[in-house]
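Right, one structure below, let's go through it.
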Amino acid sequence: MIERGKFRSLTLINWNGFFARTFDLDELVTTLSGGNGAGKSTTMAAFVTALIPDLTLLHFRNTTEAGATSGSRDKGLHGKLKAGVCYSMLDTINSRHQRVVVGVRLQQVAGRDRKVDIKPFAIQGLPMSVQPTQLVTETLNERQARVLPLNELKDKLEAMEGVQFKQFNSITDYHSLMFDLGIIARRLRSASDRSKFYRLIEASLYGGISSAITRSLRDYLLPENSGVRKAFQDMEAALRENRMTLEAIRVTQSDRDLFKHLISEATNYVAADYMRHANERRVHLDKALEFRRELHTSRQQLAAEQYKHVDMARELAEHNGAEGDLEADYQAASDHLNLVQTALRQQEKIERYEVDLDELQIRLEEQNEVVAEAIERQEENEARAEAAELEVDELKSQLADYQQALDVQQTRAIQYNQAIAALNRAKELCHLPDLTADSAAEWLETFQAKELEATEKMLSLEQKMSMAQTAHSQFEQAYQLVVAINGPLARNEAWDVARELLREGVDQRHLAEQVQPLRMRLSELEQRLREQQEAERLLADFCKRQGKNFDIDELEALHQELEARIASLSDSVSNAREERMALRQEQEQLQSRIQSLMQRAPVWLAAQNSLNQLSEQCGEEFSSSQDVTEYLQQLLEREREAIVERDEVGARKNAVDEEIERLSQPGGSEDQRLNALAERFGGVLLSEIYDDVSLEDAPYFSALYGPSRHAIVVPDLSQVTEHLEGLTDCPEDLYLIEGDPQSFDDSVFSVDELEKAVVVKIADRQWRYSRFPEVPLFGRAARESRIESLHAEREVLSERFATLSFDVQKTQRLHQAFSRFIGSHLAVAFESDPEAEIRQLNSRRVELERALSNHENDNQQQRIQFEQAKEGVTALNRILPRLNLLADDSLADRVDEIRERLDEAQEAARFVQQFGNQLAKLEPIVSVLQSDPEQFEQLKEDYAYSQQMQRDARQQAFALTEVVQRRAHFSYSDSAEMLSGNSDLNEKLRERLEQAEAERTRAREALRGHAAQLSQYNQVLASLKSSYDTKKELLNDLQRELQDIGVRADSGAEERARIRRDELHAQLSNNRSRRNQLEKALTFCEAEMDNLTRKLRKLERDYFEMREQVVTAKAGWCAVMRMVKDNGVERRLHRRELAYLSADDLRSMSDKALGALRLAVADNEHLRDVLRMSEDPKRPERKIQFFVAVYQHLRERIRQDIIRTDDPVEAIEQMEIELSRLTEELTSREQKLAISSRSVANIIRKTIQREQNRIRMLNQGLQNVSFGQVNSVRLNVNVRETHAMLLDVLSEQHEQHQDLFNSNRLTFSEALAKLYQRLNPQIDMGQRTPQTIGEELLDYRNYLEMEVEVNRGSDGWLRAESGALSTGEAIGTGMSILVMVVQSWEDESRRLRGKDISPCRLLFLDEAARLDARSIATLFELCERLQMQLIIAAPENISPEKGTTYKLVRKVFQNTEHVHVVGLRGFAPQLPETLLGRDEAPSQAS
């Protein structure tokens, strides 16, 4: 059989109150229970939205909208969502066992229209282990998760192998996939189909009779023309008797259900409370013992924590004292590092300034040379300018003289004049007023000798000047170097100081070379000193931890002793660990074994109960599974024999029934064809003529006529001949006797009567011998006698058949019980008792726990000793390598000595660094300081004076030479007057004058340019001197600041300072870390002590309270046990499998049973009062009284004429067997009565008959549905009279209207419309065309009228309208109609989808509190019979006993609203298979 698809779960993501909630849907009924606003309607709205994601249809009304012409703007969906991405998903499993997840992504659209965006999607191939919430959420941390958008969901699913994700752009495609996969019952091709589907769901959701559906039932229930199907003959008359019988069975079944309900619920109610009290008593005893153990353990823990607190407080005080010293040392180290870094920066500046000073010194020297060269060039330019001036003056004078010389006289005259001028100039220059031309030669020799002497003197001075200038510059340079190194001093002291400085420089340079070795040595010694101090600190700490002072010589022996102790303790700890592991492993194995036994115990107990029941039913004792299988084989053999005997009796009974039916025919005809032939031939049956024969004569006449006793007596055989031609519908042998039926006698035969026989002489050569029959059937009296005997035999056979059927049913039920036992319990039924083993294991577990506790205490002590020894060895491992340091007492003195030497070397290094360059420059020129060139200025003046004297002597000699040369010109005195101008000479002189003036101008410009350049050179020199002086001053300031800092600024000083600071920082950090750890541990220890103190007080209080409670409860429990044993109900109540359930589960089980019992005994005053009294939780014995009262009540109600037992449980089993037998018998009878109808000629009539039969089949499923006063619901389908007349004319009188159908101008539809108008002229067709009317007439649905009727109370059958029914009745009736519609859709769509698909079937019901318990139960039975899932929303006062119930409570926590959901499985037992078979029988027969 194809399994029906089921909705597995509904998942809501980010809905109002539901962030990520999955509701597992029951296979039948899922109940959403909760108060107003709990979220029931929101859950159903999410389901409907995923089923029909059409915003044009979705409208979740609210009761506050009553009377409003339009709903809220968002139609109830926008407000049910939260901001962001939301999902609603349905997890389904179809008939092919394919898992399909369909759903929609919803998101609020911003704006005042409050719109919602919906995107449908489907997921196929998803593994069963993957939950829907895992797909659409991503966990961020333990308390946060986010909802994945649709694109991320698609990427996530595409990454999973075998999983298909489909997103739909149209709702039609979405619904098409759902139809093909068997999720919805009908293919929704258009918006109209979706609207019908939504109206169906909406009517189901809000309950009641939907006018939208009832007005258009034909559209919902009747499919379109889909071909011709066979029709079935109306079985109403044949089924009426069965229904009446089944009604009687239902009445009896109600008693059976009441018995079963009362027993099961009373047993659950009392047994759950009984076992809960038993469990609680055991739990209280265990808790009291556990409290006592915990009290002892907590006292020990408190003492240990107090000791620990004292130790940690002492250590914390020590660390607090050491932290101040470490902070001071660390601050000092940080300040020292800052000073070193500052000194290094100062040293870098000093080096940089010294480099700059060296560069400035070089540039200054170069600039001095440049200035000196510029001065020399300036002097040359001045001399050149002066010579140019002299030449211009001379040319001007010559031009003036030569202007008068026009001829030779003029030349002589000019010469004369020049000679006179030269003589005058010579007088002037030589200071010889008496000089004459004649004496000039004498004076020339004198002045030439004087010039030579002046020249020699000048050259000598020039040589001295050059040498003095060189010595003067070296002396100044050496003197400045000495001043720079030593400071101001007298010039005469420079030589001695310079020699002393050079000797000191050699010594300082030698010391400076020792800086690096000394620094390395100091660093090494300081490191050893720190290690020595660290070793001393470690030794002091070790002695403090050991509580004893040790000498250095004792440490190695102590180390060996501790290592030996560690080795021994390590072995002990190792062995203890192995022993503890073995104990824990055994404990875990015991615990695992106990858990497995506790899980197996309920199964074993259930198997034992089942085995005991089987033993009681069959009266056998079974000791092994082989006994069970052997007995099952015997049972099968007995069942086979009983079935064979029952079938034989049934066959005989059927034969008797057929014979009675045959003998009951009027006229005694055993063949109906004989009556028809007799009527056709105009004769009478021979059996009718002899119908009044007596019972005594009946054997004679039966033997007399023999086979011809069924003959037909006709008046004339000749008239029959023509009828015999072609006769086929007759018996194989047909006897005809000619005679008068009114006066017929037996004279037609020649007869000889014998004893109990006759001989009939048929002809001369043919006789017939016939004996008298033992059971004559000739004549009415014989037949009646036979019928009477057959009835008696039939009664015997019926009773025997019933007995055999009962035995078969009982054997089958026993066989089924054995089969269930073999399938469920055989594997564990004959195993050892797990409870006995659990008791043994628990005792062993207690021993192990005690051993583990003792072992842990011993191991803890060893571990503490091991840790102490290990810490000691660790400390010694750090101390022993430093023993030589601890023994070195002179290390600190050596460090101080090396530090002093390093200071001296560093001072020397600073001296060398500061004055090394000056000393290097001073060393090669120090000898110039021996003599001071003080006469350099006088020499310089003498040199200038000798230059001037040499120049004057040269001019005097030149002037005298010129006079001597012009001595002849003096004789031209007479030609002076005769001078005349010579223009040519004049012009030449003028040209030379212009050239001389141009040269003079150039000389002047060059002099001015060079003067400006000289001025620039002097400015640059002054700037360089100023920069040099400034830099020098800054360098001196920096050197003074470096000396003021007082820190050695060498290359490794910063690294040593940083290492020292980091070491102190590490020590300070470690100290602080340890101090913080101790503070935290101390705080934790104090808190732990406080907690232990509070725990001790609470444990003491709980222990005494629990002890008092155990003592108090003992008296009540003894009373309960006494009452249970006195009434013999311990076997019913002491259900050991319930001992393994929790108290909450048992209390829930008892509460559910109590709710069901309140409804069950509502009509019984006695049981109601006893039940009310039993609800007192302080009086558990009253529940036992109620259970005894229920049993007594049921014993009184057992019908002893039907069921012969005093035990209500056995009575229920026998009643189930009897009802199953009756149901099976009536079902088989109904199947025999179902005969096929005659086929009809018209396709419309056949289709109508088919759909009428289908509606009748739907009605059969609703006949037993009752809601309140409504006893039954049915759907009436009638053919309209006008259309029925049209069908009759079409099938039988169509020849009369051939003018319409043979017309070429009319189509068939139009001809059909014309015929309809012709037959019904009184009907106004309106504006519709014949074509439209004809198309409507071709649709068989227009021939039918449908309406829903209910059988309500004394009113009988009436039309189902909401105004005539109560709210609950309207809900139940509307639900019945919807079930019919769903079944109709499935039948219609079966041919469209796969043959192996049976679609899901689910409806809703909101606010189910309007239905009473009987109506709810009816819905449950309807769902079970129709394999339909139902989602019910009900307040908290409804607690269905079947299906799955979700308790919804909406809560607000920290401004966050969420719905708390608790799911409960149904606790009512399932209906037996035979009853389910009875319920399904009508639909199978249909």
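Keep in mind that glycine also has a Cβ here, set from the backbone N, Cα and C atoms.
Sequence annotations record features per position, and here Swiss-Prot assigns ATP binding site to G34, G35, N36, G37, A38, G39, K40, S41 based on sequence analysis. Note on K40 (ATP binding site): other Cβ atoms within 10 Å of its Cβ, all shown chains, come to 25.
The coiled coil annotation in Swiss-Prot covers 326-418 (among others), and the record cites sequence analysis as its basis.
The coiled coil annotation in Swiss-Prot covers 444-480 (among others) and is backed by sequence analysis. Averaged over the coiled coil (444-480), the predicted model reaches a pLDDT of 74.
Swiss-Prot lists 509-603 (among others) with the feature coiled coil, giving sequence analysis as the kind of evidence.
Taken from Swiss-Prot, the feature coiled coil applies to 835-923 (among others).
Look at Swiss-Prot and you will find 977-1115 (among others) tagged as coiled coil.
For 1209-1266 (among others), the entry in Swiss-Prot reads coiled coil, with the evidence type sequence analysis.
Marked as region 'Flexible hinge' by Swiss-Prot: 666-783.
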Where does A38 (ATP binding site) sit by DSSP, helix, strand or coil? coil
My understanding is the cutoff is Cβ-Cβ under 8 Å with a sequence separation of 6 or more in the same chain; which residues meet that for G39 (ATP binding site)? N16, G17, F18, L32, L1448, R1450, V1459
Of all the binding-site residues given, G34, G35, G37, which residue's CB has the most CB neighbours within 10 A? G34
Composition by DSSP (helix, strand, coil) of residues within the region 'Flexible hinge' (666-783): 44 helix, 26 strand, 48 coil
With the cut-off set at 10 Å between Cβ atoms, which of these binding-site residues ends up with the most neighbours? Options: N36, S41. S41
